[in-house]
Amino acid sequence: MSDGAGAAARRWGKCGGRSCSRESIMVAFKGVWTQAFWKAVTAEFLAMLIFVLLSVGSTINWGGSENPLPVDMVLISLCFGLSIATMVQCFGHISGGHINPAVTVAMVCTRKISIAKSVFYITAQCLGAIIGAGILYLVTPPNVVGGLGVTTVHGNLTAGHGLLVELIITFQLVFTIFASCDSKRTDVTGSIALAIGFSVAIGHLFAINYTGASMNPARSFGPAVIMGNWENHWIYWVGPIIGAVLAGALYEYVFCPDVELKRRLKEAFSKAAQQTKGSYTEVEDNRSQVETEDLILKPGVVHVIDIDRGEDKKGKDSAGEVLSSV
């Protein structure tokens with residue numbers, strides 16, 4: 001066996017088997033196996049559980065009427081907004097206070113958290129939503145449970161309309177989150193949690209009659225699991241996630257790009273341009289067309305070949321007269 005083949009075999013022995021897979025997984029999930037990380041995951045689970053229990057509980061219709069009154073819509077909107085503001089204030093310093101899979105996906109797309117971390121976050125959020133909705137179902141009398149706050153598109157609207165509405169209201173929510181939590185800003189003096197809560201409340205005031213105003217895939221997922229109602233459920237994942245990614249990308253890369261990121265991108269583009277250009281720098285050459293037809297470039301020296309006379313006329317060194325700089 002040759003030395004190259006032997007080296008390849010040794011590498012395969014180390015990285016081709018089960019041990020390499022284990023090491024690769026450990027590297028991919030670096031930072032996950034810490035106490036702080038699991039505290040953050042638990043915080044997302046608990047925050048979502050409480051949020052769904054309190055906010056979805058406000059949608060329970062105790063009066064027996066088919067449609068909620070305008071005053072009830074205001075109550076629902078305020079309950080959702082104040083609930084999320086409270087949870088962000090309580091758990092924001094532990095987990096970042098995502099409490100929304102769409103927000104977590106936006107954070108991944110803007111390189112604020114890792115993909116591995118987002119997987120655990122979204123799983124915890126969905127489990128919290130299911131348990132929160134389950135507790136609400138258990139403590140609510142059967143005759144008033146109704147749909148348990150399952151989000152549905154209005155009967156006069158198509159799925160496309162619902163998708164667009166969810167995209168828009170989630171866009172404004174996530175843009176508010178990025179703008180309020182921007183560490184580069186020095187003009188933010190109010191409560192970040194309250195700003196996020198107001199954004200959620202505004203989205204509900206506008207969109208309750210359209211789609212139920214989800215803005216949060218986990219919030220829709222929990223009641224849907226408990227009630228087994230999956231009608232147009234995909235809208236409440238696709239719409240919010242697209243809106244969140246658009247908002248995060250626009251804020252981070254267009255409106256308020258990070259200075260360090262801009263510098264790195266500029267350096268990368270400059271380096272790529274230099275590599276594409278090559279080792280020679282073009283300069284103006286005032287010689288006649290006949291004289292420059294056969295120009296051979298060598299590092300530091302220019303040679304002109306006169307075909308008629310078969311002579312090799314050596315040009316001046318680039319240090320003496322600039323013909324081409326290397």
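For all residues, glycine too, the Cβ spot is worked out from N, Cα and C.
According to Swiss-Prot, the features are:
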LIPID     CYS15  S-palmitoyl cysteine
LIPID     CYS20  S-palmitoyl cysteine
MOD_RES   SER114  phosphoserine
MOD_RES   SER183  phosphoserine
MOD_RES   SER279  phosphoserine
MOD_RES   SER288  phosphoserine
MOD_RES   THR292  phosphothreonine
MOD_RES   SER324  phosphoserine
TOPO_DOM  1-39  topological domain 'Cytoplasmic'
TOPO_DOM  61-72  topological domain 'Extracellular'
TOPO_DOM  93-96  topological domain 'Cytoplasmic'
TOPO_DOM  105-118  topological domain 'Cytoplasmic'
TOPO_DOM  140-158  topological domain 'Extracellular'
TOPO_DOM  180-187  topological domain 'Cytoplasmic'
TOPO_DOM  226-234  topological domain 'Extracellular'
TOPO_DOM  256-326  topological domain 'Cytoplasmic'
TRANSMEM  40-60  transmembrane segment
TRANSMEM  73-92  transmembrane segment
TRANSMEM  119-139  transmembrane segment
TRANSMEM  159-179  transmembrane segment
TRANSMEM  188-208  transmembrane segment
TRANSMEM  235-255  transmembrane segment
Other parts of the chain folded back onto the topological domain 'Extracellular' (226-234), taken as Cβ under 8 Å at six or more residues beyond its ends: 130, 133-134, 137, 147-148, 150, 152-153, 159, 162, 220
For the topological domain 'Extracellular' (140-158), mean pLDDT (0 to 100): 92
Whether the transmembrane segment (73-92) meets the transmembrane segment (188-208): three or more C-beta pairs under 8 angstroms: yes
Cα distance (Å, whole number) from SER183 (phosphoserine) to SER114 (phosphoserine): 19
Residues from the same chain, set at least six apart from the ends of the topological domain 'Extracellular' (140-158), whose C-beta lies under 8 A from its own: 56-57, 59-62, 64, 133, 209-214, 219-220, 223-224, 226-227, 229, 231-232, 235-236
Ranked first among 40-60, 119-139, 159-179, 188-208 for CB pairs under 8 angstroms with the transmembrane segment (235-255): 159-179
Tertiary contacts of the topological domain 'Cytoplasmic' (93-96), as residues 6+ beyond its ends and Cβ separation under 8 Å: 39-41, 43-44, 47, 107, 113, 121
